[in-house]
Each structure stands twice: as C-alpha cells, then as structure tokens.
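Quick notes on the structure that follows.
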Amino acid sequence: RVSIPSVSKEHNRANAIFSRMGYVNFTDDETIWDDNDDDETIWDNSTESTKPSDEFFRVVGGEDAKPGQFPWQVLLNGETEAFCGGSIVNEKWIVTAAHCILPGIKIEVVAGKHNIEKKEDTEQRRNVTQIILHHSYNASFNKYSHDIALLELDKPLSLNSYVTPICIANREYTNIFLKFGAGYVSGWGKLFSQGRTASILQYLRVPLVDRATCLRSTKFTIYNNMFCAGFHEGGRDSCQGDSGGPHVTEVEGTNFLTGIISWGEECAMKGKYGIYTKVSRYVNW
C-alpha cells in the first residue's frame, strides 16, 4: 500500500487533480503486482525476439539539478560503487529496474542525495532487506521485459523536502499522463557514452516517441510494456548508471511516475532512443 505522507503537499495536489478528473484516490490497492499484466505483445510489425547485449544498461546533455529538485530520486550503492537509480514509493519501499538486481548483491539505498562526491546533511542511508522482482521478469528470456522491481528498506525514511515519495496514479491516468508528450529523467549516470559518471544529479526533459518511429530505430524487440523517449538528432539521453531511475510527468505542478529508465543502444546516438518500462502496466501495486 502506498501511504500519503502528511509532509507531502504533492500528494494532496494529486488528489485534487484526480477529483477534477473524476477520480478521487490513487494507488490504494493492497496487491503487489497486477496479475493481468502478462502481455508480451510486440509493438506493431516488429517480429524479432532479439535481446540487447548486456552493455546496454540504460543523463547525457542534461542539466545540474538543484538540491531537493527531485526528492524522490535515490542512488543504489553496491559493495564497491553506485550502479543504478530508483524512486521512493513510500517510507519503506523503492521502485527500480529489475535488471539492476544481480544475484547475491547487497544494496544500500541513499535518499536525499545531490552530489555523490560529498557527504551531505540531507542524505539518508538504508539497507535493503527484501527484493521483489516482477513475477513475469525472466532475464534469460529478455533482460528488459517487465523491467521493474521493489526494494524494501530496513527502516523507514524520514520524509522531508529532500526525501519525498513520487506520486503514482492509477493505471488509466498514468497512461494518460505519459501521453502528455514529455517527461523528466534524472540520475548520476554517464555524461556521455563510455565517459565518466556525473557527480551532481543530472536531469533532462525528453519527448515521447511514437511507436512506429521507435520500431524503425532498432532491430531489438519492443514490447507493449516499454515505451521510447528521446531526440532523433541525438546528443541528449539517459545513459549507463541511470538505469532504474524515474521518468516523471508533471501535471498541474505535481509529478507522477510514468516510466523507469531501462535500456538503449549506446547513449544519445542520432536516430536512437531511450527505452523505458511503462509504469501504467504495473500500478495495481
């Protein structure tokens, strides 16, 4: 269950938005996953079941975020280094990409982070006690299909202006919000393909790409649980190390989770796009 923290004005605004749209509450279903979402349908005329190679972890051309600008963003640390991003669902749970989770890995979640090269008063560190991969996720079949996972923290986060859950709408409205056309992605991933990672949290506004254009851009399979976003001319994109981080859509001043950074071919290449997990498929959570 996703609680509505009293400290978060964003969630109150979200309920007001839904009221105007004829929908009063959001994300109050007790189930972890939507059992009706096993659709492996391939977009349009794509027929290959080719898998991207392991190097495609999937913010190039982005801007430095201000402290607290993306308070739902978290950093995932392994035993030796940071490796992925994620989003705060509530005080005890984080959502990220399933492909970030390697067998036996010990994960530390860092919330309230801005500059990863400095110890900051705003940061909160928690260990992960439980990992839940989507029940249809099968890395041996396709590492990026149903690319979504939940992480349970060992103790609750203390919510404040630097550590705040992202709003999650119901399936219908999450899909509608995605189609608004552009969303924000953020992370500490590589600043250019094969380059160095960012010290300060980066963000970028990326346009949604229609299915036909996306299919023409790649030889790899694009399922209905994925969507494409980015720029045809290249130069701006999510990149290695950003995986698991949020794609959010702003609606009347409130930010909603609409995607999860998943994969791509290199980073910011002309004619190539970032591929994201479509959150609307998984919100009965």
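Yeah, the Cβs are placed from backbone N, Cα and C, and that goes for glycine too.
Here Swiss-Prot annotates a disulfide bond for Cys228; of Cys214, Cys267, the partner residue is Cys214.
Of all the Cβ atoms in the protein chains shown, 13 others lie within 10 Å of the Cβ of Asn138 (N-linked glycosylation site). Around the Cβ of Cys228 (disulfide bond), 23 further Cβ atoms fall within 10 Å across all displayed protein chains.
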